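K.L.:
Just passing along the structure, written as structure tokens.
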Ligand code: FAD
């Protein structure tokens with residue numbers, strides 16, 4: 001039987017390595033590529049303007065690629081559970097395909113839609129292609145639990161062998177027999193939204209550093225893969241959080257939206273590595289993709305993964321509620337230029353380096369402000385182009401030493417850390433031009449500059465730029481003690497419940513090294 005098929009794009013905004021789309025094209029007479037603007041996911045409180053722009057770009061690019069296959073993208077507005085029954089009837093749909101998505105909201109949404117499909121006699125096919133592996137298979141292989149250390153993850157992944165190879169993008173030949181019926185008012189009815197329609201003020205946007213879309217993703221991937229030496233010697237801890245142009249790939253927004261398949265990324269790296277000496281996980285680029293897989297698997301195997309309460313691996317900490325501190329951090333008003341420059345870059349460009357994320361996340365939580373990582377997670381979700389439910393939650397837990405990483409006594413200094421890779425403070429000068437006339441000696445600590453220096457720089461601390469929000473040397477020591485208490489309580493609790501929660505037992509025994517530790521160990525071995 002020839003099918004009338006809807007392929008539902010959600011993440012996975014690409015044609016390459018899209019096995020669900022290929023499944024849609026099998027025995028297909030009519031194909032409807034659909035994207036749903038879902039008010040639950042696409043609302044203005046959790047999506048910042050830069051991410052909107054990225055999404056609109058990615059949809060335009062997808063529509064353009066589909067046109068190349070004599071098809072079109074249908075953007076439908078509404079809740080999936082309300083939209084689908086209508087579409088099933090209107091188009092007489094017999095098959096629905098989509099990429100499997102592991103987020104809790106997506107799982108419950110997809111369950112509802114699959115039930116509705118069944119009621120309408122629509123066959124449902126989904127395929128795993130957002131992650132390198134089937135994360136549930138990893139959990140199964142690890143006796144039903146998510147691996148809680150990277151080392152353990154590596155052991156499991158080794159037993160599974162390399163990830164599946166990506167499937168090629170459909171060609172015109174693959175589309176033979178599958179036509180997309182488009183009406184004359186397609187644009188009006190199913191067109192890609194403008195930023196205005198989304199309630200965004202396009203005038204507020206800065207220069208677009210990272211345009212959305214599969215073509216751009218593949219172009220950027222190609223560009224990086226040509227840098228053979230750089231790829232082979234890539235070691236994440238050696239990259240800089242405050243270089244003036246990114247020191248890592250910035251492929252994350254593309255991987256998050258699925259404009260770039262993680263498996264394509266993996267296998268292109270494998271081609272570059274072939275026959276050459278190259279770095280290894282956890283610090284290599286393959287290693288970075290395994291970090292992604294690690295946190296995705298954790299998010300599938302650990303309940304309430306984006307929360308402290310009810311999350312069995314997360315240390316329960318008595319974080320403060322302090323809206324003023326939170327606003328100062330979010331709005332780049334902490335008085336620590338390194339922190340404020342990073343938060344400015346985040347707001348303006350939607351991407352910051354991994355170690356810059358370390359610095360601001362540690363500062364907000366266990367380092368200085370003692371504010372819950374869940375608050376930081378929300379801000380990142382809104383502002384990051386690569387905002388990803390699983391990776392954001394996992395990394396915030398790591399940085400706040402709530403889970404996975406437990407050396408809470410190792411705190412980043414908001415002054416010394418940035419100086420290591422940018423003595424002159426050029427990065428600060430770029431993002432906080434107000435401070436650009438400060439001499440290098442004071443750029444990280446302008447409050448220490450004599451009044452005459454502040455006057456000469458045209459910036460008086462306390463008037464033009466804030467005084468530091470906290471005395472780092474004092475507060476960080478106090479916070480280490482508070483963290484020590486939380487850990488002591490956790491040990492007590494887990495001793496009590498040792499026979500109740502296997503995940504917790506594993507969590508408390510473990511002492512996970514940081515990437516920097518691992519690198520140091522590796523250096524010692526050399
Ligand atoms: P590269 O170093 O070039 O790495 C290549 C790819 O590997 C990345 O594109 C990404 O897909 C993956 N990757 C790299 N580092 C990590 C990591 N630590 N965890 C998981 N995957 C990784 N990353 C997100 O994609 N979305 C998020 O919402 C997110 N939130 C974070 C929150 C905090 C507090 C921290 C500390 C890190 C967060 N990260 C997140 C992880 C990491 O910082 C970014 O993936 C990375 O900086 C992206 O830049 P890149 O593409 O140049 O990375």
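Just so it is clear, glycine is given a Cβ too, placed from its N, Cα and C backbone atoms.
Remember, TrEMBL labels are computer predictions, not curated facts.
Marked as compositional bias 'Basic residues' by TrEMBL: 502-512. What TrEMBL lists as domain 'Photolyase/cryptochrome alpha/beta' is 3-132. Residues or ranges marked as region 'Disordered' in TrEMBL: 487-526. Annotation comment: TrEMBL describes 319, 373, 396 as site 'Electron transfer via tryptophanyl radical'.
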K.L.:
Let me know the most crowded of the recorded sites, choosing from 319, 373, 396 and counting other Cβ atoms within 10 Å.
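P.N.:
Sorting the candidates by Cβ neighbours within 10 Å, the top entry is 373.
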K.L.:
Around ligand 1, within a Cβ distance of under 6 Å, which of the recorded sites 319, 373, 396 show up?
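P.N.:
The recorded sites passing the 6 Å Cβ test are 396.
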K.L.:
Averaged over the whole of the domain 'Photolyase/cryptochrome alpha/beta' (3-132), what is the pLDDT?
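P.N.:
Mean per-residue confidence for the domain 'Photolyase/cryptochrome alpha/beta' (3-132): 96 out of 100.
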K.L.:
Just to verify a number: CA distance, residue 396 (site 'Electron transfer via tryptophanyl radical') to residue 319 (site 'Electron transfer via tryptophanyl radical'), in angstrom, no decimals.
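P.N.:
Between the Cα atoms of residue 396 (site 'Electron transfer via tryptophanyl radical') and residue 319 (site 'Electron transfer via tryptophanyl radical'), the distance comes to 14 Å.
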K.L.:
With helix taken as DSSP H, G or I, strand as E or B and everything else coil, how many residues of the domain 'Photolyase/cryptochrome alpha/beta' (3-132) land in each class?
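P.N.:
So the domain 'Photolyase/cryptochrome alpha/beta' (3-132) is made up of 54 helix, 31 strand, 45 coil.
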